[in-house]
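Here's what Swiss-Prot has on this protein:
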BINDING   ARG23, GLU80, LYS120, LYS454  (6S)-5-formyl-5,6,7,8-tetrahydrofolate binding site
DOMAIN    216-377  domain 'TrmE-type G'
BINDING   226-231, 245-251, 270-273, 335-338  GTP binding site
BINDING   ASN226, THR245, ILE247, THR250  K(+) binding site
BINDING   SER230, THR251  Mg(2+) binding site
Amino acid sequence: MSDNDTIVAQATPPGRGGVGILRISGFKAREVAETVLGKLPKPRYADYLPFKDADGSVLDQGIALWFPGPNSFTGEDVLELQGHGGPVILDLLLKRILTIPGLRIARPGEFSERAFLNDKLDLAQAEAIADLIDASSEQAARSALNSLQGAFSARVNHLVEALTHLRIYVEAAIDFPDEEIDFLSDGKIEAQLNDVIADLDAVRAEARQGSLLREGMKVVIAGRPNAGKSSLLNALAGREAAIVTDIAGTTRDVLREHIHIDGMPLHIIDTAGLREASDEVERIGIERAWQEIEQADRVLFMVDGTTTDAVDPAEIWPEFIARLPAKLPITVVRNKADITGETLGMSEVNGHALIRLSAKTGEGVDVLRNHLKQSMGFDTNMEGGFLARRRHLQALEQAAEHLQQGKAQLLGAWAGELLAEELRLAQQNLSEITGEFTSDDLLGRIFSSFCIGK
C-alpha cells in the first residue's frame, strides 16, 4: 500500500438510496474515466454517461464529474461517478474499477488526509469535515461549518503570527545586548506579551464553548432505589425512556439518553439504585453505576424528599459522598416536592446546588435544565463560533502555560533566552492545532476516525 496509489471508495452511506457515489482520487483517475466512461469528461461539468464493464456492457448510467488536480478537493485528479444507489450496482461498479492496475480501496479519511497533505485544508479544517457529518444539532452544524471555512484556524494563525513577531523582538534584544535601550526591560515586550496572552485567553474561552457543543456534558443520575431517578430521566428526555414502577431496583443496568438544552448536547445516564445488591445481576448494575459516576462531568444526587428532611448530602448519605471523586461537582435533587409540599426552585447547601422538584409532574425540571446549562458555562448566543476537540483545548492550555512561564522569566529575572524558549514552545503547541507541527501517529489517529469516502 502506497500513499501514491490511486484510491476509490463509496462516498455515500452503505445501503439503498436514490443516488450512490463512487469517488476516485489519484494520477490514475484519468485512466478510470477513459476506461469506464469511454472518454474524459469536460472539467467541472456534469456529464450524463453510461458506466461500462470490461466487455462493453452497461453496468449503470449516471453523472460523471471530472476535477483535474490541483483544482480538486484532494489536490489530485478526482473523478466522481454518481449512479443509482443500489448496493449491488455500486458493488459491480467498484469491482470494475478495481480491475484497473494501481487502484485500491481508500482507508478511512484518506481523501481528507490527502487534501491536508496537499495543502488544500489544514488539520483543524479537516477535522471539521468529520464534525460537520457527526453534528447532532443545528448549532453544532453551523459551528462545524465555521471551522471548515477556517474561522478557528484564522484565530490560531493570528496568535502564531503575533508570537513570531514577539520572538523576533526578543531575539533581537538577546543578540544586541549592548544597545543603549534595554529592550527586555523597557516595557514593550511585556505589553506585547500581555496582548498575546489576552488574545489566547479569548480563543480558549471560545474553544471551551466549541468543545461543549461537540462533546456535550455527561450527567449521571445516582441515588438510592426508588428516589425517582428513572422518572427524572424521562422528564429530561421528554419521553418514556425508562421503566418506572414502585418496585425498588427496577433499573438494573445503565440507561443513556442524548438530549439538547438550547443547543448544548447532554448525555444523561440513569443508573441502578445504590444499595447492598440482592443478587448477581443487581451487583453488576451497581458496579456499572459507580463506573459511570467516576467518569461523569456532574452527578445529580437524587434524594426521595419523603424519606428525609435533610438537605446536606454529607448528612443524607455520608458513605456515598465519601466515595465520590474529589473534584466531581454534585447537584442535590430533592424529588417528590408534589408530595412534601416543598417550595420548588434552586438554592445552595455547603457549596452544592440544591434543587427541589417533582420528576413525576415535571414541576421544577426547567430549573434543573437551566442549572445544567449554566453550570457548564454554555453560551447559547455563539454567533460565529467554532467547534473544538479535546486535543485543541490541550494545545491551547499548554500554550497558555508556556506564555505565563515566559512572562515570569521576563519579570523575575529579565531572562531573555528562557522567554524566547517559552515563546517557541507556545508557538509549537498552537501549530499542532492546524497541523503545521504534528506527528504521523496523531495524523493517523485523526483521519482513521473519518468515513471511508471522506
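Cβ coordinates are placed from backbone N, Cα and C, and glycine is handled just like the others.
The closest partner of SER230 (Mg(2+) binding site) among the binding-site residues, by CA position, is LYS336; the full candidate set was ARG23, GLU80, LYS120, LYS336. Around the Cβ of ASN226 (GTP binding site), a 10 Å sphere holds 21 further Cβ atoms from the protein chains shown.
Annotation for LYS336 (GTP binding site): same-chain Cβ neighbours under 8 Å, separated by at least 6 residues, are GLY228, ASP304, GLY305, THR306, SER358, ALA359, LYS360.
Cα to Cα, LYS229 (GTP binding site) and LYS120 ((6S)-5-formyl-5,6,7,8-tetrahydrofolate binding site) are separated by 50 Å. GLU80 ((6S)-5-formyl-5,6,7,8-tetrahydrofolate binding site) sits 58 Å from ASN226 (GTP binding site), taking the Cα positions as reference. The average pLDDT computed for the domain 'TrmE-type G' (216-377) is 83. Comparing local CB density within 10 A for the binding-site residues LYS120, LYS229, the maximum falls on LYS229.
The CA atom of LYS120 ((6S)-5-formyl-5,6,7,8-tetrahydrofolate binding site) is located 57 Å away from the CA atom of ASN226 (GTP binding site).
With a 10 A radius on its CB, SER230 (Mg(2+) binding site) counts 24 other CB atoms from all the protein chains.
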